[in-house]
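**Student:** To start, I am sharing the structure in question, which I have written as structure tokens.
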Amino acid sequence: MDDPIPSRPAGGLLAPAPGRTLPRWHYPAALLAGAANTLTFAPTPHGGWLQLLVFVWFFAQLTRTASWKSAALTGGAFGFGNFISGIWWLFISMHVYGEMAAPLAGAALLLFALFLSLYPAFSAGLWSFCAGHAWHRREPDPRPFAPTWHGAFAFASAWALGEWLRGTVFTGFPWLASGYPQVDGPFAGFAAIVGVYGIGWLLALFAALAVQALAAARRPPARQAGNGGDRRVRIAAPAGVALALVAAGVALSQATWTVPANAPLTVRLLQGNVKQDIKFEQAGIDAAIKMYTQMITDKPADLIVTPETAIAVMIQELPEPFARAVRTFSDSTGSAVLFGAVGASVTDDGRYVDYTNSLYGVTPNSRDIYHYDKHHLVPFGEFIPWGFRWFVDLMKMPLGDFARGAPVQKPFLVRNQPVMADICYEDIFGEEIAATIRDNPQPPGVLVNVTNLAWFGDTIALDQHLQIARMRALETGRPMLRATNTGMTAAIDARGRVLGQLKPFTIGSLDVRIEGTSGFTPYVRSGNAAVLAVSFVLLAFGFTFGPGRRRRNGEAARRDKRA
């Protein structure tokens, strides 16, 4: 059965013949394009260049559609292909470690991917409105459609807005934001200016302009004398702008937005490789405490960092031998130690309340203990959304409701250099990391992320998270240190380059020298405000004055003439 939503009778880059419906392979092809987009993310090397071709393919599919409905379905198919192939590792956490039945875990993954697909569907439908489709009621537009400048900027703006909404609504899930493969691609230089959503805007603009140029090249030359030059302009202008975007991104990758601050720090990042199925059992806790005591006190460094909840006990129950060993080692060697544990408050009757996922810091010859409480909590893991208790009860995990830390917290001072920590997937929210630098009375010069990705096994989740951390380094112009339980433990410099990395699923420590920076990148100063403002203005302009408005006015004029 053919697709019930009619296509334009002529026009798009691969447009069907007049009167035809969309071919049966249209939506499967969009889904395949989404799956291909997953291949551009880590661990694919230099996937950002491949991603340019994938987005050209995707936008070419969009130009075949004739209504906002078919455009939204095309965007949704692309999104579903991307998410079902890109976050399949959630099945591991639910089924293997949560002991949820495989059919239920598979269904949960399927529904989550469908939910996330609503955002690219929204973006594609919004682009369609601004490109003029929405005003056609029952019949397809009899005039050929071709990608235009107006449509290109509308697509870029709609795409960026959709990704921002996905990273914001219901606490947000910006994993697989389209800008991440560009850490090794041509648009990496824009990260410090517009952030990951701005890079997504540029990627979408490039794709739309490339399709515009290709569509003009495929169009037969006009027979009238003197029109050859116009055709060449219609090809060269969008192609030239698209290539200029690439050239600008490559050139900007050499720009320096921050400067070195203070002396380099020696750092040891610890990776314990504690198996998830024993991490919160008493035997596993005891073994981990013994191991981390030995690893911390093995040799000195300016800063020693353990993974998230490396010491999986409440801070009030911290074993005395561990606390004494760390304190003695810190005082005698001048080493600062940052370790993960569980925070809590104690009521008058001795009950623990207000649990927090926390980091605690010990500095040499100081009785003060630094602590950082995780602010952006994981849904279903650290807080249970309203109405979903039944879902959490299907899994056998140490889950619960944690208290949130403040959005901006004081940094940890290491040899008088401010170091800012974040925990687990907090570092996927670039605007929040930027705020911790911009709004801090002591702007940190080094970023530290501690995490435990053992929940997801030996999957691409580890590679993807490292890629996300590299984007944060590019956006902020700060080095990023990662101490993880199973991988990827790594040190990243202020240009997003990996200086050193431990092999996943091994026990070890990574010894590096890192140089903190000072100064604010444009993205740290403004966050996502710039790309959102541009997107809203362009979409409002397009909706008001674009092709849809002109065609609606034209239809009204024709009705008046007939009357």
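Any Cβ shown, glycine's included, is placed from N, Cα and C.
Automatic prediction, not curation, is the source of TrEMBL annotations.
Pulled these features from TrEMBL for this protein:
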type	residues	note
DOMAIN	270-516	domain 'CN hydrolase'
TRANSMEM	41-60	transmembrane segment
TRANSMEM	72-92	transmembrane segment
TRANSMEM	104-127	transmembrane segment
TRANSMEM	148-167	transmembrane segment
TRANSMEM	187-214	transmembrane segment
TRANSMEM	235-257	transmembrane segment
TRANSMEM	529-548	transmembrane segment
**Student:** I'd like to know the mean pLDDT over the domain 'CN hydrolase' (270-516).
**Tutor:** 93
**Student:** Quick one: find which recorded stretch in 41-60, 72-92, 104-127, 235-257, 529-548 has the most Cβ pairs under 8 Å with the transmembrane segment (148-167).
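**Tutor:** If we count Cβ pairs closer than 8 Å to the transmembrane segment (148-167), 529-548 scores highest.
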**Student:** Out of 41-60, 104-127, 187-214, 235-257, which stretch has the largest tally of CB pairs under 8 angstroms to the transmembrane segment (529-548)?
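**Tutor:** Result: 187-214.
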**Student:** Sort out the residues at least 6 away from either end of the transmembrane segment (104-127), same chain, that have Cβ-Cβ distances under 8 Å to it, and list them.
**Tutor:** 62, 68-69, 71-80, 82-84, 87-88, 90-91, 94-95, 98, 151, 154-155, 158-159, 161-163, 165-166, 173, 391, 394, 539
**Student:** Report, as numbers and ranges, every residue of the chain located at least six residues beyond the transmembrane segment (41-60) whose Cβ falls under 8 Å of a Cβ in that stretch; write 'none' if there are none.
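**Tutor:** Apart from its flanks, the transmembrane segment (41-60) reaches 12-14, 30, 33-34, 78, 86, 147, 155, 176, 178, 180-188, 203-204, 206-208, 210-211, 214, 246, 460, 463-464, 466-467.
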